[in-house]
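Novice: According to TrEMBL:
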COMPBIAS  258-278  compositional bias 'Acidic residues'
COMPBIAS  279-289  compositional bias 'Basic and acidic residues'
DOMAIN    1-130  domain 'Helicase ATP-binding'
REGION    258-289  region 'Disordered'
Amino acid sequence: MIAVTEPRRVATVAMSARVGHELGLTSKEVSYLMRFEGNVNKDTKIKFMTDGVLLKEIQTDFLLSKYSVVIIDEAHERSVYTDILLGLLSRIVPLRRKRGNPLRLIVMSATLRVEDFIENKRLFKEPPPLVKIDSRQFPVTIHFNKHTYNDYLKEAYKKAVKIHTRLPEGGILIFVTGQQEVRYLVRKLKASFPYRKDVDYTKVITKKSVGEVDTALDSEPEDIESDDDEVEKEMKRARKARRKAKIKAKALPKINLDDYDMPEDDGQADLVGSDDDSEGHLTDSDNEDKILETEIRSCREPVWVLPLYSMLSSSKQARVFASPPAGARLCVVSTDVAETSLTIPHIKYVVDTGKKKMR
């Protein structure tokens, strides 16, 4: 048999289906196995599994005598299981060779530091051969936010709204850090652009022009390099001057130093409550919220929003690979499971919050 390990459950199921489809084989020959789930049988030739499953099999059969090839996929993820597996397999390979029943070990990755493996004499006494395969590459343009906001979920939501209301068709993939955030964002996007089964959206929707692309992705008016920059600067200066004048005009509370009770009003309340004390770009952001609200109301195209995280059931995870309903835009809100080893079709825009939970 051929064993292929994946660090994530989603990838295990998706890859076995894809490889089976491309080789023209049934799920009897290309199967998958993970904790609590699998469709392996006696006819299985290629077996996809999570790395923990292979580690369990080593406990019962150290030489992995059932397998002729072991492929460790996505080795750059460097999970604990992957690292232990590589250590054990580097001992199993020479043992199998001595016994005249060689085992091939293939370590695969898109972004691996190869030196860690090739130059590591403790891992492999003879340096293993390196095969580089060039894959198709697509042009990617990257847009950064000018300001880093604390509420990254709100920003991700705003970006998704802008992409949907202003840009040509194509799926959106949003990266957040955990299950709760995925669910929150899914709820919010569903509420903004609901999909109704009884409406035929193909007749309702008018297509957006490609010319609007760059302006929609920029987060604020000042992000766009244009002649309006001077006007923008002037407005900011005026705003600052107004704020300074207001602060000077505020009367200080009169405090009797002999009276040790707290005065009724110590001046803090109106400092906290005043909107004028916020930074310039935050007020711009408030204006932007109003613009987005009107755009959400006027947009008639729905969004087909799907969650994706590791604890989601396999049947629900598989929905992200299916085509969205006619007239709806696909939007997948995911944790970093969709970062590697998965190719979700129809994705054209990626919104990355840049955050990740780390142990």
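The backbone N, Cα and C atoms fix where each Cβ goes, and this holds for glycine too.
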Novice: Quick one: average pLDDT across the domain 'Helicase ATP-binding' (1-130), no decimals.
Specialist: 89
Novice: For the domain 'Helicase ATP-binding' (1-130), how many residues does DSSP put in helix, in strand and in coil?
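Specialist: Grouping H, G, I as helix and E, B as strand yields 51 helix, 25 strand, 54 coil.
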